Structure formats: C-alpha cells, structure tokens
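Peer 1: What follows is a structure written as structure tokens; I'll ask about it next.
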Amino acid sequence: MMLEIDRLTAGYGRVRVLHEVSLDVGEGEIVALVGPNGAGKSTLLRAVTAMIPDRSGTLVLAGRSLIGASVEAVAAAGVAHVPEGRRLFPGLTVRDNLRLGGWLGRNKDLAPVLEMFPVLGDRLSQVAGSLSGGEQQMCAIARALMSRPKLLLIDELSLGLAPLLVDEILARLGGIAAAGTGILLVEQDAGAALEVAHRGYVLELGEVVLAGTTAELAADPRMRSAYLGGEWEADAASEPGGT
Amino acid sequence: MSQFLQATVYGLLQGGLLALIAVGFSLVWGVMNVINLAHGAFVLVGAYLTFELNQRFGLDPFAAIVPVGIALFAAGYLVQRGLINMVVKAPIFITLLLTFGLELVLVNGLVLLYSGDYRSVTTGYAGDGFTLLTGVRVPLGRLLAAAVALAITLVLVAVMRHTRTGLAILATGMDRGAARLMGIRARHVYALTFGIATAMAGTAGAAVSAVGTFSPADAGRFTLFSFVAAVLGGLGNMYGALIGGIVLGLVEAWGGQLLPGTLVNAVAFGVLVVVLAVRPQGIAGRAFYASRVEV
C-alpha cells in the first residue's frame with residue numbers, strides 16, 4: 001500500500017474532527033473520499049500533510065510513518081497536496097508556480113505537465129491570479145505533479161467549476177494514476193468522483209460509514225439515496241433492465 | 001537656483017542611502033508581516049561595527065561593508081530563528097512589542113559601550129568631491145554611499161526575482177502554508193529573510209558612518225524613515241521602497257532649504273499623508289504580495 005491510515009484521530013485544539021478513521025490508497029489507485037459538508041474530508045487530507053499537527057494513530061507512506069513529521073517533511077516524503085481553494089501563489093507567474101512545485105527535487109522540466117494541461121503552456125508568463133477558475137485548478141494540479149509525488153491529494157477539485165471542465169480535469173487523473181501515483185480525491189460531487197475512482201470511502205461526522213469498490217458503492221442503497229441522487233438514477237434507468 | 005540643484009543632488013544621494021535601509025524593512029514587512037521596530041538599531045550596530053573595525057584595524061568604511069554585512073546577516077538569522085519566529089503568527093501588537101524591546105536593548109547596549117556621543121569614521125577621501133558645470137558640488141563619500149546602496153538594492157531585487165531562494169522567499173511571503181506544502185522550510189526562509197534585511201541595514205550603517213556623524217539616538221529616526229519609505233512605495237514592494245527612499249531623501253533636502261531643521265520630519269510625514277490620501281496602494285501601485293494565507 002502507498003498510504004495506510006489506521007485509526008487516525010485528528011482535530012483542532014480540543015475539538016476532535018476525525019474519529020479513528022482507517023483508509024488506504026494503493027500504488028496507481030484512485031480513491032474517492034465523499035461525504036457531506038463538515039464530515040472531515042478536508043481535515044483528513046490536512047492531517048495527512050501535517051497541516052494539522054495535532055493527530056494520533058497510524059499514518060504510513062510507503063512504509064514510513066508520517067506521524068510527527070512536519071509539513072515540509074511530509075512533502076519531502078512524496079506527498080503532494082492540492083489544497084482547498086487551490087492556494088496558488090497569485091502574484092507569481094504560472095511558470096514560477098510550477099517551478100515552486102518542483103522546488104524540492106529541483107525539477108524544472110515543465111514538459112510533462114504541459115503535455116497533460118496544454119492550456120497552461122499559453123499562460124506561462126501570466127500571473128496565476130489572473131487565470132480562470134478551471135485554469136487555476138489545472139495549474140494547482142500541475143504544480144503538485146511537478147514534485148513527482150508518490151501520493152497526490154486533491155481537495156474539492158470541482159468547486160466553482162463548470163461540469164464540463166470538471167469532467168475534462170477528472171479525465172486526466174487516470175493517466176496520472178497509470179504512471180504509479182496514488183490519488184486520494186476529496187469530492188462533494190460524489191457521482192463525478194466515483195466515475196474516475198477505483199474505490200471509495202464515505203465519511204460522515206468524522207467516521208468512515210461505508211467503503212468499497214466503485215461498483216459496490218454505486219449499488220449501495222444508502223449511497224444512492226444520500227449522495228448520488230438523480231444523476232445515477234438516470235444512468236440506471238437508461239441501462240437495459242433498469243427501472 | 002543653484003542652491004535648489006545642490007539640495008536636489010544631496011537629496012538624491014541621501015535618498016539612495018535611505019532606500020537601502022527601507023528596502024530591508026519593507027522586505028521583512030512584506031514577507032513576514034512583521035513591522036521590525038529594531039530595524040534602525042541594526043543600522044547603528046552596522047555603523048558602530050564599522051567604527052570599531054576602523055579604529056582597531058584601520059579598515060576603510062566602504063571595505064567594512066563586507067564583514068559588517070556578513071556579521072549582521074548571521075545576527076539577523078539567529079534573532080529571527082530564536083526570537084521572532086516565536087511570535088511570527090501572533091497578532092501584530094505582539095511583534096511590535098517584541099521588536100520595540102529588541103530596539104531598546106540594542107540602542108542601550110550601544111550607549112553603554114560607546115556613550116551617547118556623536119561619532120564618525122573619517123576617511124581621506126569622503127570629503128573630496130567634484131563640482132558639476134552648474135556649480136553643484138558632489139561629495140565623493142556620499143556619491144560612493146549612494147552608489148553602493150543602489151547596487152546592493154538592485155542585486156537584492158534581482159536575487160528575489162531570479163533565484164531559487166528568492167522565489168522561495170516570495171512564495172512564503174504570499175502563502176506560507178502553500179509554500180510549506182512545496183517542501184519549503186518556512187522557518188528557515190523567514191530567518192534568511194530577516195538576515196538579508198539586517199545585513200542591508202548593517203551595510204547601510206557602514207555607509208552612514210562614512211558620510212556623517214551618528215549616535216545611538218539615531219536608531220528611531222532610521223526606523224521612522226524606513227516606515228515612511230516602505231508605506232510610500234507600497235507595502236512589501238521592493239522597488240516601491242527604493243522609490244520611497246529616494247522621494248524621502250529629496251523631500252528632506254528640499255524641506256531643509258526652506259524650513260527650520262526640526263520641521264523636516266513633519267514634511268516627510270506630510271508627504272506620506274498626501275500620497276496615502278491620493279494613492280492608498282503607495283507610489284508603486286499594485287502591492288506585490290497580493291494575498292496572505294496562514295496555515
């Protein structure tokens with residue numbers, strides 16, 4: 001396993017947000033983490049990258065424990081985090097943002113990420129703050145990939161983006177995973193996330209309430225009624241024998 | 001007319017020196033959100049260190065820029081790492097209190113060691129100069145001080161824009177949390193930034209020692225000028241602080257021609273108020289450090 005989380009508890013000060021969460025991500029695997037607002041999805045990602053220093057349990061990346069490691073050390077261990085709100089460096093150019101992504105490994109080779117997101121190639125000299133929402137999200141993912149991570153964490157990829165654009169960006173994740181990177185994808189839009197993921201976890205009030213392969217989750221009645229709603233009902237209806 | 005030109009030349013040269021002081025102050029403010037009230041005290045530490053090197057080893061004040069710069073960098077790095085990093089995420093009042101305390105310690109330390117008397121470092125050439133066609137005199141020492149100040153400032157700006165370390169400093173200033181996610185060690189970057197700023201203050205102090213007299217009581221004045229120049233130029237904008245410093249030098253020189261000496265500071269603040277009323281973002285416009293997000 002690339003990432004193994006076992007009974008992880010984390011929170012802010014005395015407020016516990018995550019209660020003994022167990023979860024794992026394999027090499028080259030896309031894992032979706034879905035659930036309602038405030039379930040602790042973002043907190044889980046922040047706990048992995050030590051942005052919340054207050055955490056306990058088991059957190060192992062490629063055989064190495066990350067409990068007690070600093071944010072910088074987690075990055076050095078091979079975790080790239082596309083945080084909530086993207087957090088690009090707004091006053092710097094797209095080129096500088098990408099170079100900062102490759103800061104640790106001194107990676108200046110932009111070609112692979114520009115091949116994945118060609119639109120960024122036309123924007124290299126533009127400051128990141130002037131990009132459109134979709135371009136910013138692509139830039140944030142490209143910046144994360146510049147570190148050639150073992151594990152990629154993406155928080156709310158679809159937030160504020162048009163559905164077509166979300167599909168376009170999600171479609172790139174398969175290629176990233178195929179190169180061996182494990183991806184943990186936090187999404188509000190459960191339907192979109194499960195379309196690209198191999199497995200998924202449902203988080204509610206800081207606890208994993210449901211886990212399984214994408215097909216298992218899609219078939220689960222609780223999942224269908226709570227998170228997938230009309231979209232998947234419609235898909236099911238269009239299949240032969242569906243109702 | 002020639003008196004006005006003389007004041008203008010003097011103001012530009014003095015402004016170059018003020019700019020060197022202000023750029024370091026502005027850098028720390030922009031990157032760390034720390035208003036370093038001890039900045040002027042570091043200028044004087046540099047001046048007295050130069051004085052000491054000159055007295056003991058006969059070292060030329062402009063040659064002393066190198067050892068003074070290195071010593072002040074090291075001191076600044078350690079002060080940030082050991083002291084200011086503890087409060088860097090605290091409310092601004094706490095950082096003001098801490099740097100004000102640091103200023104008191106440094107200034108009174110200097111008074112203890114050197115008394116409050118005015119000192120200067122004399123050279124054989126600083127008083128020499130040449131006369132321009134219009135009858136304006138340019139003293140060599142001041143010209144040299146301004147040239148060194150400008151060169152150091154421009155090198156710093158180039159380093160910030162075009163090197164790996166500079167990029168890390170800018171990124172940390174914009175979004176500390178995101179920079180850490182890139183693997184950039186924010187504590188180290190902060191200490192480096194503070195070290196660069198104190199080194200600039202120290203080298204400015206070496207130049208100050210060569211062109212005039214100084215006493216520990218000048219610390220507050222240098223901090224004040226840095227503050228005005230930094231705000232004039234636009235917060236955290238290094239080119240802005242450079243322009244702000246030069247504007248301040250000119251205002252000071254022109255004001256000195258027309259007004260009694262003690263009113264010159266009032267003129268400087270008058271200009272600050274007018275600029276902020278007309279252009280709240282400062283002379284250089286767009287603030288470089290557009291946003292700041294904490295982890």
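Just so it is clear, glycine is given a Cβ too, placed from its N, Cα and C backbone atoms.
Nobody curates TrEMBL annotations by hand; they come from automatic prediction.
Features from TrEMBL:
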TRANSMEM  B:12-29  transmembrane segment
TRANSMEM  B:57-79  transmembrane segment
TRANSMEM  B:91-114  transmembrane segment
TRANSMEM  B:140-160  transmembrane segment
TRANSMEM  B:189-212  transmembrane segment
TRANSMEM  B:224-251  transmembrane segment
TRANSMEM  B:258-278  transmembrane segment
Peer 1: Looking at B:57-79, B:91-114, B:140-160, B:258-278, which one has the highest count of Cβ pairs under 8 angstroms to the transmembrane segment (B:189-212)?
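Peer 2: Against the transmembrane segment (B:189-212), the leading stretch is B:57-79.
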Peer 1: Looking at the stretches B:57-79, B:91-114, B:224-251, which one shares the most CB pairs under 8 Å with the transmembrane segment (B:12-29)?
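Peer 2: When the Cβ pairs under 8 Å are tallied, B:224-251 comes out ahead.
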Peer 1: Would you mind listing the long-range same-chain contacts of the transmembrane segment (B:258-278), meaning Cβ under 8 Å and 6+ residues beyond its ends?
Peer 2: 221, 224-225, 228, 231-232, 247-248, 251-252
Peer 1: So if I exclude everything within five residues of the ends of the transmembrane segment (B:140-160), which remaining residues of that chain have a CB under 8 angstroms from its CBs? That is, six or more out.
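Peer 2: For the transmembrane segment (B:140-160), the sequence-distant neighbours (Cβ-Cβ under 8 Å, at least 6 residues beyond its ends) are 10, 12-17, 19-20, 23, 27, 62, 65, 123, 125-130, 166, 169-170, 196, 200, 203-204, 207-208, 210-211, 238-239, 242.
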